[in-house]
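Trainee: Following this message is one structure expressed as structure tokens.
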Amino acid sequence: MIKITLKDGSVREYAVGTTVLEVAKSISQGLAREALAGKVNGKIVDLEYPLKEDAALELLTFNDEEGKTVYRHSTAHVLAQAVKRLFPDAKLAIGPAIQDGYYYDFDVEQPFTPAQLERIEEEMNKIIKEDIPFKRVELSREEALEHFKKQDEIYKIELITDLPEDAVISCYQQGDFDDLCAGPHVPSTGRLKSLKLMSIAGAYWRGSEKNKMLQRIYGTSFPKKAMLDEHLFRIEEAKRRDHRKLGQELDLFSIQEEGPGFPFFHPKGMVLRNELENFWRQEHKKRGYQEIRTPIILNRSMWEQSGHWAHYKDNMYFTKIDEADYAVKPMNCPGSILVYKTRMHSYRDLPLRWGELGLVHRHELSGALHGLMRVRCFTQDDAHIFMLPSQIKDEIIGVIDLFDYFYNTFGLNYHVELSTRPEKSMGSDEMWEVATNSLRDALEAKKMDYKVNEGDGAFYGPKIDFHLTDSLGRTWQCGTIQLDFQMPERFNLNYVGEDGQKHRPVMIHRVVFGSIERFIGILTEHFAGAFPVWLAPVQVKVLPITDRHHEYARELVKRLQGLDIRVELDARNEKINYKIREAQTQKIPYMLVIGDREMEQGAVAVRERGKGDVGAISVGDFIKKIEDDIQNKTI
């Protein structure tokens, strides 16, 4: 007998060779129906996997992220089988599960058409109804190569050739179809219920422009139709909220052919941007930060010393000045370090908290660019804290408190991940252990739930990542706290301690917004362009009904402008309903309609965004209301 420890901590005994599915059945038939795969000692396996020794077992359902991955990866195999049935000459490339769905890449003579996509989806549903079992078969390298050579699957042959010598090579069969795959998969195609093919796109084999362009079919799948319908609704809502679309409609920013990946901010977009930067400056000043500014271009020797030349060169832009090599900065931290080195510091000076709204440039492939979300130049709201080792915990807690205040101000929930040492890194094991434990201690002191993200730290230190959740339930990684023992060592940073001797400071790198451009994109989609009053590029639109109301309207505009309220006057000879509709389209928080009665009473008829007509009030009362909204940053 073997002992199996379940997720709830309970231990059950089973015969050697009992499968994961049999364990699920022994717990309940309902769980057996819901289970998609198992997780044995951290490894995800098929339900038919035999248990041969004591192990920890977690049964994965669609409620688990790993369960969703298995479900959608299996659907990708059904997609490949359907395409091969309908287009036998199609060559198979790869078909992974991705966030909210899956895709499969095919090499075909002609691009797929929308009509063909419908036929493929129909064929997939037939395959699901056939309830074909997924069967895992392990092959030697020679057997696998021979098998796929017979099928003339050139991409599978290339993948097999590139596998390590000791790799276990497996295929998954479903009827007369099979595919190279490590798995795992659901027991049979009948376990897959509701699916939808979403789109077709071109994709280079292995992501390289040097390789052939393939046809990529994107899809999604869910165990219930209601879940699929909800997902499709969210997608349509996301299209409506797309920051690229709203950025154009609201005249916030543009991306020009002359500068792909380099955003152009228009006057209204600059208002939004400046409000965010002002908020950032005010809150940092309250917490003892000082602002610095460092150059965009620095010489090669500095980037070699920082480690960026060795670890980050592929993402950097370069130039020459007087025949010497220079690079455009991809990060702000080396500049801050150089400022620190301009004078000797005492332990009494620390912690030093320096913030910088620094413009950085990073090379991105053209295919990866996406509005403000993925650009080649952006403003990083960096701050660097130089401190004593004894101050680490308190400083990290202070940064966490700042982040919490910022995100709550925008109505954004978040979850936290602790990212540990990546494969490509610098520094000793001991330094990494101390740094990682320091971050963990601060999170636990704040009683924060967090997930460990193994191997995703920066090359110079571990980090805490803050993932924001927007109004559509999507997550965005924005805030980061990185603890760094490496840079102070590489740049020979010192402070004079209480003992009169030189010591190494510890450094924190941190960003709240991450990228101001990207954060504007996130906020635009989160609020669907209907920004809170304090952020809105235009806060008030004054709408006189006829020409005789213009003078009163102009006086009102002048009064509001004197109070730093952002106001526009629509004095066009148009019907009032037309003016109202246009102001609504521009998502302006307040519309003030001026007619005879308002002139006589010294009042305004207020229309509030999302509420409509809320009645007439005195100008003084309206000013108090909007100033309260701005002061309190009402959402």
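The backbone N, Cα and C atoms fix where each Cβ goes, and this holds for glycine too.
These came from Swiss-Prot, pasted as-is:
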BINDING   C333, H384, H509  Zn(2+) binding site
DOMAIN    1-61  domain 'TGS'
REGION    242-532  region 'Catalytic'
Trainee: Highest Cβ count within 10 Å among the binding-site residues H384, H509: which residue is it?
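Mentor: Sorting the candidates by Cβ neighbours within 10 Å, the top entry is H384.
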Trainee: Roughly where does the domain 'TGS' (1-61) sit in mean pLDDT, to the nearest integer?
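Mentor: Value for the domain 'TGS' (1-61), mean pLDDT as a whole number: 94.
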Trainee: Apart from C333, H384, H509, which residues in this chain have a Cβ no more than 8 Å from the mean position of the Cβ atoms of those residues at the Zn(2+) site?
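Mentor: The answer, listed by sequence position, is M331, N332, S336, I337, D382, A383, Q482, D484, M487, M507, I508, R510.
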Trainee: What is the total of other Cβ atoms whose distance to the Cβ of C333 (Zn(2+) binding site) is within 10 Å?
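Mentor: There are 23 of them.
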Trainee: Taking helix as H, G and I and strand as E and B in DSSP, count the residues of the domain 'TGS' (1-61) in helix, strand and coil.
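Mentor: Helix (H, G, I), strand (E, B), coil: 14 helix, 25 strand, 22 coil.
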